[in-house]
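The next block holds one structure in the form of structure tokens; read it before the comments.
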Amino acid sequence: MAAGAPDPRRKETELTVRTLRTVDSEVKVLGSKSYTNRYLAIASLSGQDTTLENALISDDTVYFARGIEALGHVRAEIDERHETIRVTPTGEPMRAPADEIFMGGAGTPLRFLISMAGHAPGVTTITGNKRMQERPMGDLLAALPALGVDAVSVRGNGSPPVQVAGGSFRGGATQISGAVSSQFTSSLLINSVLAETDVEITITDDLISKPYVEMTIAALAEMGVQIKRDGYARFTVPAGQAFRGGSVTVEPDASGMSYFLAAAAVLGGRVTIPGIGRDSYQGDVGLVDALARMGCAASFDQKGITLTGGELHGIEIDMESMPDVVPTLAVVAAFARGTTHISNIASLRVKECDRIAAVTNELRKMGIAVDEHHDAMTITGGTPTGAVIETYDDHRIAMCFAIAGLRTEGVVIKDPGCVAKSYPTFWETLDTLFPDGKSTTFPDGKSTR
Ligand SMILES: O=C(O)C1=C[C@@H](OP(=O)(O)O)[C@@H](O)[C@H](O)C1
Ligand SMILES: C=C(OP(=O)(O)O)C(=O)O
């Protein structure tokens with residue numbers, strides 16, 4: 001849905017989700033956050049005029065567009081109505097801005113910008129909101145000096161604010177841990193393209209969230225840049241490659257899609273998402289197979305992805321490669337017969353909130369038994385009851401519990417506007433599932449539209 005006048009619900013303190021008997025809808029979801037971030041980064045380094053079509057225009061991508069512009073070498077023109085972002089060189093070289101760059105809660109953009117600032121002569125200071133100032137950057141900061149870039153955490157705790165001394169991104173060989181976030185590796189891969197010499201990146205342990213690195217390599221290839229690799233152990237970025245500009249089209253967001261697939265799963269209805277298929281590099285498409293294992297029917301064809309709900313039962317699943325859809329699957333598991341064990345998800349503890357703790361707390365409020373482990377969650381399905389859901393300034397907690405509210409009476413979502421991080425039109429899209437076009441009410445029962 002094209003962004004029109006901003007949805008007034010973004011400013012509410014809480015909303016009650018209306019229940020829905022069933023669903024049979026085609027849902028057009030917004031463009032991918034991860035692809036939009038990658039294309040923005042690559043376009044900004046390319047020296048070419050580049051237009052992103054079907055771009056995600058949300059808090060995170062707007063922070064990134066403004067962050068890139070702060071380095072002085074490009075303009076990023078956002079056209080919300082047409083869902084495009086046009087990146088054009090200003091003709092000026094990159095340079096560290098005098099003011100610090102504030103990136104809000106945008107984790108991937110902030111991590112991409114740290115390495116990018118390595119190309120900007122002078123000292124760039126990059127910070128974010130309160131939660132961002134707790135999120136880890138240390139592995140990335142430790143990997144940059146070997147390439148010629150000094151980057152430090154101002155408070156010495158590995159989190160923003162970060163200061164980057166740029167202008168001598170030489171290249172060479174570096175090492176990085178892949179255990180905390182794949183975004184560090186993606187940040188190095190993208191920004192190494194402008195290094196003076198080849199860059200060799202050795203991953204010192206097991207890389208998590210691998211599909212995101214595949215997405216980075218695919219986005220680079222689409223824009224003319226090749227990466228050499230030895231599996232996930234070593235990547236080489238050859239120097240002196242020419243970028244392709246022009247226009248790129250962002251595919252629908254697989255994490256955003258998850259909420260509407262979950263609606264089909266919990267309501268026993270059917271939802272089709274056009275414009276995305278099994279061949280996507282977005283690892284979150286894997287949720288479709290997970291929901292099929294839980295009893296839904298899935299099909300991938302020229303129409304896109306269709307999920308039809310069925311008798312739900314619990315499963316055992318390792319979700320290391322699709323962390324962002326863990327909260328979605330956990331909510332579906334609350335309605336399933338038996339137990340669902342989700343493993344290998346320690347990275348959820350350092351996202352917009354501690355998502356293992358948040359999902360555990362909020363499902364328990366709905367009367368669902370959850371065992372919380374450091375890197376896992378065990379959910380025993382049942383009949384969830386209505387509750388007031390805290391969302392912890394985390395878009396994904398708001399969106400997945402909204403789906404619980406389609407089936408369970410009395411689910412109130414606090415701070416519904418937090419969806420703007422990745423899905424500003426979420427509530428409007430949810431409206432489209434309802435025959436009367438209204439998915440929410442104010443807590444006094446008055447319809448919002
Ligand atoms: O590269 C990306 O676009 C992302 C990588 C993932 O992070 P981790 O690699 O930290 O798991 C994911 O959670 C995030 O929403 C987007
Ligand atoms: C973890 C997320 O984002 P980021 O790390 O980019 O802030 C997310 O969108 O779920």
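Every residue, even glycine, has its Cβ placed from backbone N, Cα and C.
Binding site for phosphoenolpyruvate per TrEMBL: Lys33, Gly107, Arg135, Gln183, Arg396, Lys421, plus Arg355 from the candidate set Arg229, Arg349, Arg355.
Note: the Cα of Lys351 (3-phosphoshikimate binding site) and the Cα of Gln183 (phosphoenolpyruvate binding site) are spaced 12 Å from each other. Cβ environment of Arg355 (phosphoenolpyruvate binding site): Val326, Pro327, Leu348, Arg349, Asp394, Arg396, Ile397 lie under 8 Å away, each six or more residues apart in the same chain. The two recorded residues, Arg38 (3-phosphoshikimate binding site) and Gln183 (phosphoenolpyruvate binding site), show a Cα separation of 11 Å. It is Lys33 that, of the binding-site residues Lys33, Lys421, has its Cβ surrounded by the most other Cβ atoms within 10 Å.
The most crowded of the binding-site residues listed here (Arg38, Arg396) is Arg396, judged by how many other CB atoms sit within 10 Å of its own CB.
Checked against ligand 1, the recorded positions Ser182, Asp324, Arg355, Lys421 give Ser182, Asp324 in sequence order as having a Cβ less than 6 Å away from one of its atoms.
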